[in-house]
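Enquirer: The active site, proton acceptor annotation in TrEMBL covers His85. According to TrEMBL, the Ca(2+) 1 binding site annotation covers Asp86, Val89, Gly91, Asp93, Ser95, Glu107. Feature annotation from TrEMBL assigns substrate binding site to Pro185. The heme b binding site feature in TrEMBL is assigned to His215. Per TrEMBL, the feature Ca(2+) 2 binding site maps to Thr216, Asp267, Thr270, Asp275. Per TrEMBL, disulfide bond is recorded for Cys42-Cys137, Cys87-Cys92, Cys143-Cys343, Cys222-Cys254. Sequence annotations record features per position, and here TrEMBL assigns domain 'Plant heme peroxidase family profile' to 32-347. The feature site 'Transition state stabilizer' is assigned by TrEMBL to Arg81.
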Amino acid sequence: MINPRRNGAFRSGSRHGSLPYHLCVSGHNHCSAQHNFYGKSCPNVEAIVRKIVQQKVKETFVTIPANGPMRHQGLTPATLRLFFHDCFVNGCDASVMIQSTPNNKAEKDHPDNVSLAGDGFDVVIKAKKALDAIPSCRNKVSCADILALATRDVVVAAEGPSYPVELGRRDGLESTAASVHGNLPGPNDNVDKLNKLFAKNKLTQEDMIALSAAHTLGFAHCSKVFNRIYNFNRTHIIDPTLNKGYAKDLRLACPKNVDPRIAINIDPITPKKLDNIYFRNLQQGKGLFTSDQVLYTNRRSRPTVDSWAKNSAAFNAAFVKAMTKLGRVGVKTGHNGNIRRDCGAFN
């Protein structure tokens with residue numbers, strides 16, 4: 001549970017009603033329970049964000065072409081990835097949305113973030129515009145909270161579980177490319193490295209495995225898997241943990257001289273659904289990235305993969321728990337942040 005600093009607050013809301021979030025505000029001697037942070041200032045915030053998300057989903061969730069460059073990543077993977085990259089660097093404060101200036105290279109222009117799809121940024125900007133068009137909501141809802149709400153709504157759009165979103169974040173006051181280095185997981189990370197990185201953000205191995213299932217959505221460029229299918233190590237040209245049939249399919253989709261814009265589904269079975277098929281793929285050696293497949297080859301993480309592969313309800317519950325904890329990482333409240341007028345620029 002977050003203990004908001006100074007005069008901040010952090011409360012929960014849900015598309016299906018809301019759950020009370022008990023909090024103790026530092027500087028006060030009492031605890032209170034609130035149902036909706038924006039209940040008085042902008043009571044329809046969730047419905048407004050959801051409407052924008054639903055409109056955007058219709059525009060952007062396209063099929064990956066078999067022999068051409070990808071035009072859209074799809075809103076769900078784009079927004080999920082944006083939220084994750086934001087929270088893992090200086091907390092969930094929308095600092096990843098800040099545009100660089102001549103005097104500051106911002107987070108979004110770090111090499112690990114340049115591939116973040118524009119659809120995720122766009123849905124937050126459109127939701128902010130829709131909220132600010134309502135006098136009572138204008139400059140009341142943070143970009144960080146809009147991103148958190150939009151992330152929940154795209155999960156639901158991808159047939160994943162709904163969950164209450166805790167609200168009351170403020171937007172961060174700084175964003176630098178240098179702060180990104182070493183704070184995001186890579187496609188070749190092993191379980192030890194992943195656990196260490198997630199532990200920095202108070203997330204467990206179970207949380208890490210649950211959040212990794214976001215790779216059931218979206219695409220990756222062929223260059224990200226070249227090492228696994230053409231030059232794994234001195235002993236094996238192809239990563240031996242890869243399913244042989246899957247490796248053959250990957251080689252056909254990603255020949256050595258492939259156009260770098262060519263993309264492939266991360267999940268070859270259900271690329272548009274957030275589901276537990278991700279774990280069944282790992283059991284069959286069909287994890288696209290090394291950082292996916294190690295969850296099954298490592299004896300410490302394999303039992304969780306096996307459990308969720310056969311129990312979608314258990315996975316959904318773990319995913320909701322992990323997303324809620326992710327949304328608490330490094331939250332700014334009170335004077336530690338503000339409400340940005342423009343999500344891409346500091347006030």
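Heads up, residue numbers simply count up from 1 along the chain you see.
For all residues, glycine too, the Cβ spot is worked out from N, Cα and C.
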Enquirer: Apart from Asp86, Val89, Gly91, Asp93, Ser95, Glu107, which residues in this chain have a Cβ no more than 8 Å from the mean position of the Cβ atoms of those residues at the Ca(2+) 1 site?
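Expert: The answer, listed by sequence position, is His85, Cys87, Phe88, Asn90, Cys92, Ala94, Val96, Gly172, Ser175, Ser179, Gly330.
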Enquirer: Of the recorded positions listed here (Asp86, Cys222, Asp267), which is spatially closest to Pro185 (substrate binding site) when Cα positions are compared?
Expert: Asp86
Enquirer: With Cβ-Cβ distance below 8 Å and at least 6 positions apart along the chain, what are the contacts of Val89 (Ca(2+) 1 binding site)? List them in sequence order.
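Expert: Sequence-distant Cβ neighbours: Ser95, Val96, Glu107, Ser179, Val180, Asn183, Leu184.
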Enquirer: Can you tell which of the recorded positions Asp86, Asp93, Cys137, Cys343 lies nearest to Asp267 (Ca(2+) 2 binding site) in space, using Cα positions?
Expert: Asp86
Enquirer: Which ones, of the recorded positions His85, Asp86, Gly91, Asp93, Thr216, Thr270, have a Cα no more than 10 Å from the Cα of Cys143 (disulfide bond)?
Expert: Asp93
Enquirer: In angstrom units, rounded to an integer, how far apart are the Cα atoms of Cys42 (disulfide bond) and Asp93 (Ca(2+) 1 binding site)?
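Expert: Per the Cα atoms, Cys42 (disulfide bond) and Asp93 (Ca(2+) 1 binding site) stand 20 Å apart.
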Enquirer: How many Å separate the Cα atoms of Asp275 (Ca(2+) 2 binding site) and His215 (heme b binding site)?
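Expert: Asp275 (Ca(2+) 2 binding site) to His215 (heme b binding site), Cα-Cα distance: 10 Å.
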Enquirer: Among Glu107, Asp267, all listed as binding-site residues, which has the most CB atoms within 10 Å of its CB?
Expert: Glu107
Enquirer: Other residues near the Ca(2+) 2 site, CB within 8 A of the CB centroid of Thr216, Asp267, Thr270, Asp275?
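Expert: Output for this site, in sequence order: Ala213, Leu217, Ile269, Pro271, Lys272, Lys273, Leu274, Asn276, Ile277, Tyr278, Asn281.
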Enquirer: Hey, which of the binding-site residues Asp86, Asp93, Asp275 is the loneliest by Cβ count within 10 Å?
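Expert: Candidates: the binding-site residues Asp86, Asp93, Asp275. Fewest Cβ atoms within 10 Å: Asp275.
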